[in-house]
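Look at Swiss-Prot and you will find 30-37, 149-152, 178, 186-189 tagged as ATP binding site, backed by sequence analysis. Taken from Swiss-Prot, the feature active site, proton donor applies to 37. Residues annotated as beta-alanine binding site in Swiss-Prot: 61. Swiss-Prot lists 61, 155 with the feature (R)-pantoate binding site, giving sequence analysis as the kind of evidence.
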C-alpha cells in the first residue's frame with residue numbers, strides 16, 4: 001500500500017491505476033479506524049480493482065464547541081488496518097494541503113433540504129463541511145465508486161443528493177452498520193465512553209428496535225411512538241438530541257404512501273454524542 005500526502009502524488013498514482021484499466025474505488029474517512037470502516041474498504045475491494053482510502057480530520061465539519069482538537073488521530077495503526085483490508089493507496093493530507101487558501105476562503109458546497117434538521121439542526125454547518133470535503137476528494141480521486149456507511153444515514157443521503165444534483169460521475173454504495181455484540185453501532189467516538197456509559201449505550205439500539213417492532217406490528221401513531229422512545233432513552237440516563245421517523249428514500253416526513261421508513265436518533269451519554277438508525281420495511285409488516 002502506498003501512502004501519499006499531496007494531491008499531485010495522489011492524482012499520479014490514481015492515473016497509473018486507471019491507465020492499467022483498473023476500476024477505482026474510494027473510501028473517505030477521518031481515521032481512528034474500526035471494523036465498520038474496514039467493511040467499507042472490503043466492499044470497495046469487491047467492486048473495484050484499485051482501492052483508495054483517505055484519512056483527513058476535516059475541520060470544516062466540526063462546530064466551535066465540538067471535539068476537533070480531541071478527535072483521535074491514530075495514523076500508524078490505521079495504515080496497518082488498511083493494508084490488511086486490501087487498500088492500495090492511502091491519501092493522508094494536511095489541513096494546508098486540503099485548504100491552501102484558508103478555511104474561511106474555501107468555496108462551500110451546500111446541499112439544501114436533506115441536510116437540514118436531524119444532525120443538521122443540531123450541528124449547524126456540519127453537512128456543509130462534509131459535502132465540501134467530499135466533493136473536493138471526489139475531484140482529486142475521480143473514483144468510479146465510493147462507499148459510505150449506513151450508520152451516518154443522513155450523511156449518506158446528503159452525499160447521494162450532491163452527486164445527483166451536481167452530475168458527479170461516481171456510483172455511491174452503502175454498507176450496513178457494523179455493531180458490537182450488544183448492538184452498539186461502532187463509532188470512533190465510542191472510545192470517549194466510560195465503562196459505565198459503555199454498558200448503558202446499547203439502550204439506544206434497543207429502543208430503536210422496539211420502535212421498529214411496533215411499526216411492523218401495525219402501529220402508525222408516530223408522535224406517540226416517538227414520545228415513548230424519548231422517554232425510554234431518558235429513563236436509561238441518555239439525553240436525547242433528536243428521535244424521528246422519516247421516509248428512508250429522501251428523509252422527508254412519512255406519508256400514507258411511505259413503505260420504507262428509517263428511525264433516526266442522536267443522544268448524549270455523558271459527554272459523548274451517539275447516533276444510530278434502523279430501516280423499517282412496512283411491506284414486510286405483520
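Easy rule for this one: first residue shown is 1, then count along the chain.
Any Cβ shown, glycine's included, is placed from N, Cα and C.
All features noted in Swiss-Prot, drawn onto the structure.
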residue : record                    : contacts (Cβ under 8 Å, 6+ apart)
30      : ATP binding site          : 55, 56, 57, 58, 71, 188
33      : ATP binding site          : 74, 77, 78, 81, 82, 188
36      : ATP binding site          : 149, 151, 175, 177, 178, 185, 186, 187
37      : active site, proton donor : 27, 29, 81, 149
61      : beta-alanine binding site : 125, 126, 127, 128, 129, 130, 133
150     : ATP binding site          : 156, 174, 175, 176, 177, 277, 279
155     : (R)-pantoate binding site : 119, 127, 130, 148
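There are 18 other CB atoms within 10 A of the CB of residue 178 (ATP binding site), with all protein chains counted. According to its DSSP assignment, residue 150 (ATP binding site) is coil.
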